[in-house]
């Protein structure tokens, strides 16, 4: 059997430099690099392997001790020719692995060449069906439930990303430091959602005078409260700084703020879209799902030409096929979704009841007569289109051409950290972050597009009243009412 005294004696007799140091570390570490001229690799299952490189020479000596007690010695590199009967083992360096991988054709990573692709396809399809079914149920339940789903997704994404740079050894020396990440996260959540949902919260509690006064006071000092919470986290961070841990702590501080800016802030636009009308959330999100599914299917069956090195399995065939499918789906889905008041009406409060509203000109049917040469080819002479369908084409183009770069960004990010997925919570898909990379980019575009090209520029009576109720205390509202009454009375008398 293997024992340290026997190994020590055999290798010491070989006369290699630094062998005594090698034995000192055999019992304490499975892999350790001592210096530029000496390295050790240890396998404790059936063998013990000691690799020693001579100083300033390209000579590698390999000692392999098997459990039977038998020892094999091999010499690699420049001395390999002098020991033809020895057992030689080489350990590939990272640069060697990269060079070897570069020589392989990029097409070897394509799904069309993957021998286990049907098994992964079934797992991925099963998970997708469950996600689509659950998503449809939550959309049916309404705005508040969709918002709750978004918040849960954000929490899971934050957890996956916080764990990405987490080091157990350092965290043990910093008790409570992990809570600081969540302190900043929930402070940002309070600030962003407070800005988005404040008016709707006021509209919800208006009938109750006590709640109304409490909520309006909280909204008035909302920014000061959030800033105070952030400052408390900042002071907390400074007070927890520990000698020899500064670099790790500041890297975690920067990492947390990057997550808040890149991930949380972008995905929060989703909630703003939800309350403008579920269609402005559902249509963009559905287009990302459709693009992802058909990119996978087209690449699965027809993919031959690699698209980008960051994602070896992405192909031009999948990209083009998904783009065409997504644009067509956008035009058709907008027509279907635009017919339901539940999806088109904005939610002005935080209730869960059914909605009834004037859908507006975007969701009113327009009849167009087809040109003669087209009507000769088709069985109908006229078509009915909702104006929102023309906007949907912009969403389809963005979802198929620009949004995938969110996925490419995530792929490059994972390669930088040498991980395959951000998590394993969704079988066949990876983690929550792996599914939301493109959705975040799409949510920001949908919000900016809606505010820039869809929302009318003129102020409505409802919006003016909302601003008055939110910004002015009750006494000033009464004064405004009296003043407005006098002005209207003077106009009537003057006319």
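Backbone N, Cα and C atoms are what each Cβ position is placed from, and that goes for glycine too.
The feature transmembrane segment, as given by TrEMBL for the ranges 70-95, 96-121, 278-303, sits at 278-303. Looking at 315-337, 338-360, the range tied to transmembrane segment in TrEMBL is 315-337. Beyond the ends of the transmembrane segment (218-241), by six or more residues, the same chain brings 174, 176-177, 180, 183-184, 187, 190-191, 194-195, 198, 201-202, 249, 253, 470 to within a C-beta distance below 8 angstroms of the stretch. Same-chain neighbours of the transmembrane segment (315-337): 110, 279, 282-283, 286-287, 290-300, 302-307, 343-344, 385-386, 388-389, 391-393, 395-397, 399-401, 404, counting only residues six or more beyond its ends whose CB sits under 8 Å from a CB of the stretch.
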